[in-house]
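Taken verbatim from TrEMBL:
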type	residues	note
TRANSMEM	A:12-29	transmembrane segment
TRANSMEM	A:435-456	transmembrane segment
TRANSMEM	A:468-489	transmembrane segment
TRANSMEM	A:509-537	transmembrane segment
TRANSMEM	A:549-568	transmembrane segment
TRANSMEM	A:596-615	transmembrane segment
């Protein structure tokens, strides 16, 4: 115990050390010695074991694309015609959706079209989905390839799962409409018609996204909604097959560096890691595959990239890759359940698993926890020292009467209550009441932020400004109003300290839980918040203004502003529009894509931050 | 209720069919239907009739397979229906089959009216049958078995007229595959095996290159006279197979191109032996067949002198016909994500009239189905009140949920049936190998009176038609059997340990205790004892004080 006591004055140093230790640990994750090489857990996949049977030529595929591009008719009609001609079962689905909530909010229509290749010997209990988004103003050249593939599949006898060729309109809305109808569920803001036919439980899926009629390399998109990721085995299959067929593959446009120095190696891997995490923080998906993952189906997007300097690998190779992935998925006996669901990718060949990336975060969160703990211990020591002193003074005047002795003992036991009684005398309310009032108020403010966008239209009419500006104004106003409301209730020093302990623990738990679901978001928040909050300890009157500044710097509003400053690349003229755009985007994504970022900030992060804000304006005394 | 049941019985039960007096006989036939100009549906039917003077004689088997006969005698089986199927019969494209069968294995048996312990006989019989057909029928245990009330009435004569369903047992295994090892024992039951007649076409390796393959065995008792004083037994063996007849330009086919075999002349033991073709009117067959019976070109196989290869030439103009679904179809699928789930069936009635049907569905016990969530309405929102609802909730690990409904399918309407369930847990030892594959809900069965379907039905001899929907693969929570499971355990332990010590540190009051001090509790007790002793001593010293 005395050892602990000696450590107490140094706790700030320990916490800062832990914080930076966590950051360094995280940066080292991309190091050669720590990151691990990808491998296959699921033996049934057997990628590339069979010979490719894909026999269509580049010209044939090109002709199919030309057929579908027929300017005189709808793409969906051409697709339907072609699939019927090659003997697929073809069905249509109509759906409506709302794309925008701020500004021009109207209901739009869309059509999905899908063809099913029935596996000859199966009873349509399982299937694979190949999704080809119909791009709004461009042609998806992947159509020609998959249709050529469908034509051949129809005659092949080794398919054990039905294969659905799904052409969806309007990006993720179409995919969601189709998947919702497939599973008989409804989710706002998409409403979809019933599907006339199905093919059993969808085991896996992938999306082909090809904007140009040539391909240099394939970029794999993995990020799903709210930090969801496809099973690492599916990613491995795609990487392996693309390599087998002689194409280059990247993830987030990062390639595996060739023979580079240790420094360059860690730089490029760390760069790729951070790029992936940047995408994940937003909680949105990078492609249609996100909708599949949301519905419990492992999925990935193959996005082709063409760069004339790199040359053209041709349709046929991509066709073989698609065929190869389908055949690997066809081999599966069970759903994807092995390998990793939680990982980050420093390159296409390496991964960092949850077991590796959690400890650095744990170190950072431990810093906050230790800080809280130290305050509790300190309070205890102060209490016990006081009672010790009392005891000693009493002992001097003590007689041998045993009855008084017992009084003393009883007092010892209840010293807790005794000291609290003293506090009550000193202030208006006990710390517990102060904590409760502040926490409840801050969470109420969170609800206000959450529901503020409801009044967007009213505000835009009131102030005669566009809706995107009105929603930003609303959010900023409520945010700032919250700051004043929370500080209008003055915390005492004791209350401030208690709330500080509670808030530190609250923060640790919140970030820890978020990191389990969406590591990137958890890490980002820990980096932003842990160090400033450790330094916010109430009681140092000297630095009060500085503390307030630090606290304000990490408010959701300031972070948003800082991000906008960073993204506008030093062009200050665009900062305001960027800032408005940021708010609109975050809100729209929460509405249309059910990303949790806005909800999380409004309902959890903002109240937490308000608590720290309240602490900075609690009464303090100058320590001597 | 009883009255309603009787009405259902009147509609759906097979009336006593009167057959003229027959001696022991064996009929073999194969029917070839060209569907949509791109599929060939071949239906082989082998019927063995055993006419005995008074009782099923165990001593002398003539044409009837002895292996099966002995089992039937031993387990007091009155009627047996067993099918094994690979693939799914696609009603909306292929129409109604000659003999319907659900995906996987299906077995339903009526036992004799004087069977003492039906369950014991049922378990014994499934085990014996699984030995006979090399199939895993022994997995039809009590957790799979149900006793339907209205869907599976006897198709032959039954002692006592109105059958008591306590003698009926029904079970399905949707995961069971049909292989050559099941086909071989099935062929061995035929009097001529695969050496002659239509059976000579049955080439196991080719049969598995098909879109749909189903074998079936149906054993029943038939009446000889209207008063049913005399009966005989009948064994029907079916095999249905659907082939793709080429694609693109090669639409013509020959028997050899599909079966790799030629058809041989009739089995000498057979009474009748025929091959029937139903082809589009502009198609041609060579060698030509003259005789026409009910849209079928019929060739008597006794008239063949040597192995024959029939060649069918189809007209290429019909290649791109899109078939519009006719009659009644059913499509079921599981709904919902996560722990909550459900089952939805859309039942389409394209007929111009309302049709009363019996809907039958078995749901495994680990999907906790709730009857109050049952919703039956048309797509246009019209609510349908079922005439009879017969629901037996599951007993955990004992019996599955059984849902049987009688209701009206409105004309030209899509009726949607919806029922919700919660996915339950199984203990980790109960999971089968490949647990992550998922579990099957056996196909829903729709029973429709044949008269309602009219010409759409291919089988006019039975009074009801059954339409089976898809077997549904669903996932239930599966423990992680592999490495991450250990990781979770480890992490939980670490958290528990860390949490314990943290909790301890934060809630404990720390204070100095000098080693000389006695513990407070002991002190208190000592003090109390001392006080009591003191008082007692005081009282003893001067008792007068207390008075």
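Just so you know, the numbers here start at 1 and follow the chain as drawn.
Using the three backbone atoms N, Cα and C, a Cβ is placed for every residue, glycine included.
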Two-stretch contact, the transmembrane segment (A:468-489) and the transmembrane segment (A:549-568), at least three Cβ pairs under 8 Å: yes
Cβ-based contact of the transmembrane segment (A:509-537) with the transmembrane segment (A:549-568), 3 or more pairs under 8 Å: yes
For the transmembrane segment (A:435-456), distant same-chain residues with Cβ under 8 A (at least six beyond the ends): 101-102, 429, 467, 470-471, 474-475, 478-479, 481-482, 485-486, 489, 491, 495, 498-499, 502, 587, 598-599, 601-604, 606-608, 610-611, 614
Non-local residues, at least 6 beyond the ends, that sit with Cβ under 8 Å of the transmembrane segment (A:596-615): 226, 281-283, 438-439, 441-443, 445-447, 449-450, 479, 482-483, 486-487, 489, 491, 496, 499-500, 502-503, 506-507, 510, 514, 521, 525, 533, 536, 538, 551-552, 554-556, 586-587, 589-590
